[in-house]
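Q: Straight from TrEMBL, here's the annotation block:
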| type | residues | note |
| --- | --- | --- |
| BINDING | A:Gly162, A:Val163, A:Ser164, A:Arg165, A:Ser166, A:Gly167, A:Lys168, A:Thr169 | ADP binding site |
Number of protein chains: 2
Amino acid sequence: MTDDSLPPPVTASRTVFFVSDGTGITAETFGHAVLSQFDLRFRQIRLPFVDSIEKAHDAARRINESFALHGQRPIVFSTLVKHDLSSVIRSANGMHMDLFQTFVAPLEQELDVKSTHTIGRIHNAVDTEEYKNRIEAINFSLAHDDGQSHKNLAEADVILVGVSRSGKTPTSLYLAMQYGLKAANYPLIPDDFERGKLPSSLPPFKAKLFGLTITPERLSQIRNERRAGSKYASLENCRYEVNEAEHLMRREGIRWLSSTTKSIEEIATTILQEIKPDRREY
Amino acid sequence: MTDDSLPPPVTASRTVFFVSDGTGITAETFGHAVLSQFDLRFRQIRLPFVDSIEKAHDAARRINESFALHGQRPIVFSTLVKHDLSSVIRSANGMHMDLFQTFVAPLEQELDVKSTHTIGRIHNAVDTEEYKNRIEAINFSLAHDDGQSHKNLAEADVILVGVSRSGKTPTSLYLAMQYGLKAANYPLIPDDFERGKLPSSLPPFKAKLFGLTITPERLSQIRNERRAGSKYASLENCRYEVNEAEHLMRREGIRWLSSTTKSIEEIATTILQEIKPDRREY
């Protein structure tokens, strides 16, 4: 079968379990990535905090029940670091995809170090510097949403600018939540366009500025969902604002990208590459 | 070797690459989960948007350069759906852990369906209902942060309550960002304790209320980071507020959990289990 031959139409859906000794976020991310390669619908069940033999037997029982009910073995994505818990799950009648069992053993061999088999290492480190920085970044980004505060901009890792509803707020919060970056954001508004200048507190921080733009058509559509029929949402006004904002950013030498067809994850990743290459590169 | 024998002390760090045809978020989540099982430090390099043969050769070159520089083959976590891109990366001198190559083929066999090999399926679906709901949920949660708005509470999926600085804001935003849940939050303040009642707009939505509490010691520590030496941050005041808030929640029959040693991911997962079991279960 080649890439051109389409998969058969969706008929039945298979049941998928995400089993984890922690939150299950990794198991879901891992499973969703793999499942996204199939044009099928899946019945999804998440079983987090499976951190004892009793809970593992309970999870195995649910997998077996699903098999009995639907007559097809469920797909089981699991991230269980303890062998005994993992064995119980694997004894259930399912198709097992186990992240740790698959990848940890070869890595132990490669690194010549035994793994710790410690549960909850991934999202559990509340007392680390990294976690504190993330919470601080979320608070910073919230306090500096939509130009609300001019304080401590020197602390910002990035300052997003763009017209209202170009995607600045969710992107700022995502950068804070996912990467612990202090992300402020400022709207570019008609006042700025008339003056032909950036909001007055921004010029000292030009190196941190990053612009978001958007097509006038998409902007008008988004604004109409909020304020249908307003001048603010009109295509004419959106054209004016986007045009002026792009002029301003070009004149000020601000890097920018278009958020029109990008998800917040894609926007954030691109900004990260542009603004902070040093954090994650050698 | 048993769990009791500790791994050797950290000496050198190995280089790790996360290679993806998209944002690299899945590759990092997958890699961090596996690496979290080792008490070692790793030099981390992220190579997102590797979606052409040229970029794949570029990435392979960087992996080979790292090997030449450090004298150890790097660990390469990759999520590349196209075989040709994946082959180029695997030709580089590294230890390869490839999520799709490992798990997609067995799943094709199990489901008796070919995978689509489509790049960017995971975080790229800007035009889906699910993505729109997420953005709407983020906007809702922001507008309803810290009791700022009493409007449209009927639309909320969950309303968090708790004393100031008990973790409500980051948890609400995480629930919105990760799960697309509309999460409002209301502070419980001394006025409420004196009246002995919940904030007046909340009683109609009791089924959606979820409480966060925290130990007075931890709360005092967090508040002192913001307002050192204030009455607000004093241990005595924190004891009073936490005690009153727990009384109030108990009297009103509100489920709650302690955020003291839990990450926002763990808090959010627990709330999800309590509040919305129907969304993700059968």
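Each residue, glycine too, has its Cβ placed from N, Cα and C.
Please situate the listed features within the shown structure.
A: Residue density at A:Lys168 (ADP binding site): 28 other Cβ atoms are found within 10 A of its Cβ, drawing on all protein chains shown.
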Q: Within the same chain, and leaving aside A:Gly162, A:Val163, A:Ser164, A:Arg165, A:Ser166, A:Gly167, A:Lys168, A:Thr169, name every residue whose CB is within 8 angstroms of the centroid of the CB atoms belonging to the recorded ADP site, in sequence order.
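A: After dropping the recorded site residues, what remains is A:Asn185, A:Pro187, A:Leu212, A:Ile214, A:Ser259.
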Q: Listing the binding-site residues A:Gly162, A:Val163, A:Arg165, A:Ser166, A:Lys168, which lie under 8 Å (Cβ to Cβ) from chain B?
A: none
Q: Among the binding-site residues listed here (A:Gly162, A:Gly167), identify the one with the smallest other-Cβ count within 10 Å.
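A: Result for the binding-site residues A:Gly162, A:Gly167: minimum number of other Cβ atoms within 10 Å at A:Gly167.
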Q: Please state whether DSSP places A:Gly167 (ADP binding site) in a helix, a strand or coil.
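A: A:Gly167 (ADP binding site) sits in coil per DSSP, no helix or strand.
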Q: Just jot down the residues in the same chain as A:Arg165 (ADP binding site), at least 6 apart in sequence, with C-beta under 8 A of its C-beta; none if empty.
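A: Those within reach of A:Arg165 (ADP binding site), by Cβ under 8 Å and sequence separation of 6 or more, are A:Ile214, A:Leu219, A:Ile222, A:Arg223, A:Arg226.
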Q: Using a 10 Å cut-off on CB atoms, tell me which of the binding-site residues A:Ser164, A:Ser166, A:Thr169 is the least crowded.
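A: Least crowded of the binding-site residues A:Ser164, A:Ser166, A:Thr169, by Cβ count within 10 Å, is A:Ser164.
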